[in-house]
């Protein structure tokens, strides 16, 4: 075995006495591990801390690998109690022994640490050296491929897959499915298709989960006709059919949707709440009353809807919202309101979130008004979705008033959305609203983006409201935020023009701490200090500017030197 070869080669380089001593130690430790239940106490007497090396560990592992659980337990014990530091090849061997025995959790724990510490190239090469035979290499490298995929490291996973092809190893369909899943979840559809094509070319047979992933990727691409072709070829499962039924529901071809449901029955595939809710949503959108009643009747017969229909209305509405079936959810919501059925607060939150995600602005605002009027408490996730909608809808007249009202009620939107909103207000030159929102952000201990603050500060400087500049900058300092260099130079110039020398020095010192200074910054400050007859301070700044290699152009520098002579 390679494990035997790894240490037998190194043994030839050792002194023969050392060889004998090491062989005896390895034999003694191996015997204790295999034959004694109380091996921990016995090994402690051998004082192994200074003796156990990766080379000796490999020999022990070779002797005990027929008892994999003992091998793994010894490895973990040595690392924890003897401060044993295994090298990469030793850990790869332990992973191989663990996987061969089905000890996947032990292998996963070790591999997770290796993925963080080593490149995929080095890890694969070492794993290949640790394994004997293509079958063993394929199993272990499939495990590595799956590990990278689970962590979302799809580029590293693709590199492992490429190397497996080069050395003639075939990854498991399970490992390939894991990578395919990561690619489609990350909207890497082009990569997903390339990878899927490569899977087929090297002879990996897709399973049911692969078909589901392919169908989902086709759905993301909007290529429902291809899913239909797969169904007509007999390649099918419930997920694929649900995608097609959902597509037909959205375009209003409800008879075609029913035909596909009949096919599902004929092929003994399960139809779920999701399947029928796609048709129900489409029927509600098209206002086809007969189809609505037909679908609801079927769903009640199958136990997918309660009897009587509105007895669990809140639960039904929430399920429909989670599936994105807002038309159907709205129908049930209106029925509940008409019948004066009391709904949970969470139901209102789900509806607001669903309206917001589907950009149904008027309905979202109307429902928000109802929520406020009734004093309903909803989750922050619903408010986040609603604020996202407000920030995106630039043509909405009262979006600022609604947003301000939401924040006054104690909700703090995420900073990125607020800053996006503030940027649009800056473009509209609505400076009072900008000021109010920035104050809310800073008072809540959040960090605004530089662009929002810079626009407002430059506006203050342009209308010579220097006190507001100083006040805002003080808040920025407390929160650890800053402006950009161009704006800081505008601030320095504004402060100097207003004769606020002490304030300009304080701001300049803050800029230096952030390493946000250039020759223009120094020029403004040196000129201001010279005119204030602070020549010693001006000269100190001059020398500092030269030491930092920020000397301005020749003409500017000449004018600056003249300031010292006036």
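Every residue, even glycine, has its Cβ placed from backbone N, Cα and C.
It should be emphasised that the depicted structure is a prediction, and the values quoted were computed from it without experimental measurement.
Noted in TrEMBL for the protein shown:
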REPEAT    137-171  repeat 'PPR'
REPEAT    172-206  repeat 'PPR'
REPEAT    237-271  repeat 'PPR'
REPEAT    272-306  repeat 'PPR'
REPEAT    344-378  repeat 'PPR'
REPEAT    379-413  repeat 'PPR'
REPEAT    484-514  repeat 'PPR'
REPEAT    518-552  repeat 'PPR'
Tertiary contacts of the repeat 'PPR' (518-552), as residues 6+ beyond its ends and Cβ separation under 8 Å: 485, 488-489, 492-493, 496, 501, 504-505, 508, 511, 560, 563-564, 566
Averaged pLDDT score, the repeat 'PPR' (344-378): 92
Remote residues contacting the repeat 'PPR' (237-271) - C-beta distance under 8 A, at least 6 residues beyond either end: 208, 211-212, 215-216, 218-219, 224, 227-228, 230-231, 278-283, 285-286, 288, 291, 302
Outside the repeat 'PPR' (344-378), six or more residues from its ends: residues with CB under 8 Å to it: 313-314, 317-318, 321-322, 324, 326, 329-330, 333, 385-386, 388-389, 392-393, 396, 402, 405, 409
Beyond the flanks of the repeat 'PPR' (137-171) by at least 6 residues, Cβ under 8 Å: 92, 95-96, 99-100, 104, 107-108, 111-112, 115, 120-121, 123-124, 127-128, 130-131, 178-179, 181-183, 186, 188, 191, 195, 198, 202-204
Secondary structure content of the repeat 'PPR' (272-306), with strand meaning DSSP E or B: 27 helix, 0 strand, 8 coil
